[in-house]
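Annotated features, as they stand in Swiss-Prot:
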- Glu174: active site (ACT_SITE)
- His240: active site (ACT_SITE)
- Cys355: active site, nucleophile (ACT_SITE)
- 19-28, Asn110, 137-138, Arg207, Asp242, Asn349: substrate binding site (BINDING)
Amino acid sequence: MTATEINFDGLIGPMHNYAGLSPGNIASATNAGAISQPRAAALQGLAKMKRLMDRGLVQGFIPPPRRPAVAALRALGFGGDDRSVIARAAAEDPVLFNNACSASAMWAANAATVIAAPDSGDGRVHLVTANLATMLHRSFEAPDTFATLRTIFADQRHFAVHPALPGTQHFSDEGAANHMRITPRHGERGLDIFVHGAARGSRFPERQAKRAGEAVARLAGADAFHTLQSQAAIEAGAFHNDVVAVANEHVLLAHAAAFEDRDGLFAAAGRAVPDFVAVEVDSIGLDDAISSYLFNSQLLTLPEGGMALVLPSETRENPRVWAAVETILAGNNPINEAIVVDVRESMRNGGGPACLRLRVPVGEEALRAIDPRFLLDERRWEALCALVERHWPERIDAAELADPALWAAAGAAHDALDTLLARV
């Protein structure tokens, strides 16, 4: 079938802050306590979306959940009206409260795992909400994400939206950031590759459990290949596979140290897709790869043909990394263009261009079935930019998250977004 891959980017929320909540995420830890700029962050994300729209690519967005996460705090025993719930949590358990203020849902690659219709057992696109069970602040996201995905992809003739797996370490699931699809073209059957973070029973935590990938594949009725991310990459700070590898159609771009069983993975991909192309980079170390987020780039098929890497501007600031980019572009592979974007506010919390988007391949009828409010055109994009300019805070000090004025401003921003979505 003819298929379109849509990038649904997370709209960065008004509570974007640097509270340093994610152990193993070097950027998050390094910038803990810094001043964030929610307005600039959201506009940077929207500018990235516009760059791809201008190239003829279909672009969607996922609205942020309200933060602080009142429903989660209420479920943990803080009573009263919303303001009282927030105030009590801030006073009685500041660490929990900071986790409830996280805007980490911006990283839509962790929202769900998407199984394309040609790969699924029933011919529908399956979206399995990620439980994000390993990190407290991220575990609060799943209920809102499930509800939002059910709104965007409500037509059950074409889409099956699944709730999150049980929120335990045994099924810890961080979504599409640990899933790749190798296929001749987006509309054809492909190989779903699930990358897990540690062998069962090892001393390392399974931020992405193998059992989670197995369950996701069962839910969608998909054949799958499961492989282990290299421990060297994890210890260097690659807390998700998409920090060291990215795939698009028949091409896999990866650091040479990304996988424990590189040969087995490449052999499986080659059996599934005979024209499989592996582009490996061994000219830079894992430290450069992770600090620049070279592999956390979007790899896209352009309407006019060829593929482009959508790279964070940090890749251009490191001469070794940029030399690697030039080598990729000059190589015997379909990647022939680099699109450099500024997503610095997200990068400082550990999320590059690929983290910010959820890829959803759809056929023509399924595309028409998506709620159009969440597909961007010029008018909707301009309306979102104006909304952010008007309502998103200019700056947030992570030490001041307990300020009631900040909660009120964030609530007003979400109210304005709800109003916009009701009319566009």
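Cβ from N, Cα, C; glycine included.
Overlay of Swiss-Prot annotations on the structure.
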residue : record                 : contacts (Cβ under 8 Å, 6+ apart)
Ala19   : substrate binding site : Ala32, Gly33, Asn98, Asn99, Cys101, Ser102, Ala398, Leu401
Asn110  : substrate binding site : Ser104, Ala130, Leu132, Arg138, Glu141, Glu174, Gly175, Ala176, Ala177, His240, Cys355
Asp242  : substrate binding site : Ala109, Ala176, Ala177, Asn178, Phe295, Asn296, Ala354, Cys355
Task: Which listed residue (Arg138, His240) has most other Cβ within 10 Å, given these are recorded positions - done: His240
Open item on the list: With DSSP assignments reduced to helix, strand and coil, which class does His240 (active site) get?
Closed with: coil
